[in-house]
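**Student:** Just dropping this structure here.
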Amino acid sequence: MSSITVTPSEAQKHVEETPELNIWEEDYVDWRKRPAVKGRHGGMLAASFVLAVEVLENLAFLANASNLVLYLSKFMHYSPSGSANIVTNFMGTAFLLALLGGFLADAFFTTYSIFLLSATIESLGLLILTLQAHVPYLKPPTCVSNQLGSPCHKVGGGKAVMLFAGLYLVALGVGGIKGSLPPHGAEQFDETTFEGRNKRSAFFNYFIFCLSCGALIAVTLVVWMEDNKGWQWGFGISTLTILVSIPIFLLGSPTYRIKTPAGSPITTIFKVLASAAFNNRKPKSSNNVVISISTSSVSSDSVRDVDEQTPITPIPTQNLEFLNRAAMNNPNHPELKCTLKQVEEAKVVLKIFPIFASTIMLNCCLAQLSTFSVQQAATMNTKLGSLKVPPASLPVFPVIFIMILAPTYNHAIVPIARKLTKSEMGITHLQRIGTGLVLSIVAMAVAALVETKRKNVALKTHMLDSSEPLPISFLWVALQYLFLGSADLFSLAGMMEFFFTEAPMSMRSLATALSWASLAMGYYFSSVLVSVINGVTKACRLTPWLYGRSLNHYHLERFYWLMCILSGLNFLQYLFWANRYTYRSKIAGEQPPFKEQQHKSDLVV
């Protein structure tokens, strides 16, 4: 796989072959490396292949991730907290590696080729896990409680190497897919038109819808297979699913328009920062000031009055003004000279980082969906009438809610909001993210109250040390799943569209991957928080809150209340940054290259 380049002769030949069609921007090509053609490449048809693949991709990933904590504790004999940490580290790594996939897609390869490579790697990891689950001697001996001759031995040696090799090959593949598939779909729409921007916004909503469709199958059918037929069936179905997604993705090849890589955007950002730092140390003089650049504001009306043939001088924006000096002429270090385009792109990246950081705590709350919440449900009565529901199937409640809410949001809530606000977006990206943050605070408060109720039942029935299900329905835990699932819908779709639309063209895949990186940081922070809490409580000569083999002896309700407080503090600092953020409006033909019409985020919660 090499980076895509199009020679002038190839482009001219393609234009001559299709004189009746308009060529897209020069940054896009088709799968044969020819210039993409408007009307033939891109659009909702191309994006529909991406949506179909996302159903299969998330099915393969979530089928195992949602139930993995039980596999590790029952078959690999890890403690509940040890299993939870392994799962959060695995999922955190998978989502963090989305940054690598996005970077490679932007800089050297394409979203098209990164997806194909990543899907192949993930299928290899799943194959290893399937083999280990199927062959008895590749797992530790069965642990039988209360029998002296059958002590519980945690998986180790070569078996542990095989387990973690499979898990992290899956993580690498998932990361590449998460970093390439969403931007590949979003790039199929023409952002210079209202219709194109509207369809792109709808794409992100339906991406979450399709992600939920895959999750629904994963946490019902596949999880049932894992619990009743064996984990080799679960891993095997996931392997087959990800393999099937590859030819489906390839079927859409003739319809795709593919953004050509533009080199490393990270190098450019560091160059701007270095140049600005160097030039800000030097006294300002007439010899090194950028010529023909004014920092005075120019109204959009004055821009429209300029004749189309009149060249427009790029004007630096007023925010983060210290970076403007990176565009100064520096005779002693000409290699540090930056263009205004590079300076403005660096500004955009720096401005979105506080928003990115504010979403990490939200995703730390979401990490509980696949760890302690599953373990809570496993201690409760999971029967619905005569049907026994696997604890890992609990996410079915928020998944179904998301599948209802996503199209409702797109076809009802947004049109009404557009009429009320008389704005193109109706509900801004930052308002969506803020809604998700509020819902996560409520979810943690509900989780703490439910855990208090669950432990009270265990205490009253004298079942603190019993392995039998408690006489309380697992549907109580479904309440926190409902709030966290709703928070996920609002925040993830909002983050993906926000990072994609606000980021410079040269780093959109990398920026979109920040949504998944936020999830990764949340999972890692959850693991760190568990370790810190246990360390602090133990140092204070108290019983560690989250330690032991029985969840009934944990102080999980205290952990959830702490998460609720931290989430509340995080929301306050999010308000600080969101209310000061200025969107970039991309209205074709109404602004000079870098001085774009801007408006405040107007966050209302």
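The backbone N, Cα and C atoms fix where each Cβ goes, glycine too.
TrEMBL does not curate its annotations; it predicts them automatically.
Quantities reported herein were computed from a predicted structural model and do not represent experimental measurements.
In case it's useful when we look at the structure, here is the feature table from TrEMBL:
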type	residues	note
TRANSMEM	42-63	transmembrane segment
TRANSMEM	83-105	transmembrane segment
TRANSMEM	112-131	transmembrane segment
TRANSMEM	160-181	transmembrane segment
TRANSMEM	202-225	transmembrane segment
TRANSMEM	231-251	transmembrane segment
TRANSMEM	348-369	transmembrane segment
TRANSMEM	389-409	transmembrane segment
TRANSMEM	430-450	transmembrane segment
TRANSMEM	470-492	transmembrane segment
TRANSMEM	513-536	transmembrane segment
TRANSMEM	559-577	transmembrane segment
**Student:** Per the 3+ Cβ pairs under 8 Å rule, pairs at least 6 apart in sequence, do the transmembrane segment (389-409) and the transmembrane segment (202-225) touch?
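**Tutor:** Since 3 or more Cβ pairs under 8 Å link them, the transmembrane segment (389-409) and the transmembrane segment (202-225) do come into contact.
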**Student:** Would the transmembrane segment (112-131) count as touching the transmembrane segment (231-251), i.e. at least 3 C-beta pairs under 8 angstroms with sequence separation of 6+?
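**Tutor:** When sequence-distant Cβ pairs are counted, the transmembrane segment (112-131) touches the transmembrane segment (231-251), since at least 3 lie under 8 Å.
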**Student:** With CB pairs under 8 Å as the measure, which of the listed stretches 112-131, 348-369, 430-450 comes out on top against the transmembrane segment (513-536)?
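**Tutor:** Ranked by Cβ pairs under 8 Å, first place goes to 348-369.
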**Student:** Quick check: do the transmembrane segment (112-131) and the transmembrane segment (42-63) share at least 3 Cβ pairs under 8 Å, counting only pairs 6+ apart in sequence?
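**Tutor:** Yes, since the transmembrane segment (112-131) and the transmembrane segment (42-63) share at least 3 Cβ pairs closer than 8 Å, they count as touching.
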**Student:** Do any residues, 6 or more residues outside the transmembrane segment (83-105), come within under 8 Å Cβ-to-Cβ of it, and if so which ones?
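**Tutor:** Apart from its flanks, the transmembrane segment (83-105) reaches 61, 65, 68-70, 72-73, 76, 111, 114, 118, 167-168, 170-172, 174-180, 183, 261, 264-266, 367, 370-372, 375, 507, 509-514, 516-517, 519-524, 526-527, 530-531.
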**Student:** Report, as numbers and ranges, every residue of the chain located at least six residues beyond the transmembrane segment (348-369) whose Cβ falls under 8 Å of a Cβ in that stretch; write 'none' if there are none.
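**Tutor:** Apart from its flanks, the transmembrane segment (348-369) reaches 66, 88, 91, 269, 319-320, 323, 395, 430, 433, 436-437, 440, 443-444, 447, 480-481, 484-485, 487-488, 491, 495, 498-499, 502-504, 507, 511, 514, 517-523, 525-526, 529, 560, 563, 566-567, 570, 573-574, 577-578, 581-582, 584.
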**Student:** When each of 42-63, 202-225, 430-450, 470-492 is checked against the transmembrane segment (160-181) for Cβ pairs under 8 Å, which one has the most?
**Tutor:** 42-63
**Student:** Using a Cβ-Cβ cut-off of under 8 Å, list the residues of the same chain that are 6+ residues beyond the ends of the transmembrane segment (470-492) and lie near it.
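**Tutor:** 208, 359, 362, 365-366, 368-369, 373, 376-377, 379-382, 389, 391, 394-395, 397-399, 401-402, 405-406, 409, 432-433, 435-437, 439-440, 442-444, 446-447, 450, 453-454, 457-458, 461, 463, 515.
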**Student:** Which sequence positions outside the transmembrane segment (42-63), separated from its termini by at least 6 residues, show Cβ-Cβ distances below 8 Å to it?
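**Tutor:** For the transmembrane segment (42-63), the sequence-distant neighbours (Cβ-Cβ under 8 Å, at least 6 residues beyond its ends) are 24, 28, 36, 94, 115, 119, 122, 126, 170, 174, 177, 181-182, 184-190, 199, 203, 206-207, 210-211, 213-215, 217-219, 222-223, 226, 234, 237-239, 241-242, 244-245, 248-249, 251-252, 255-257.
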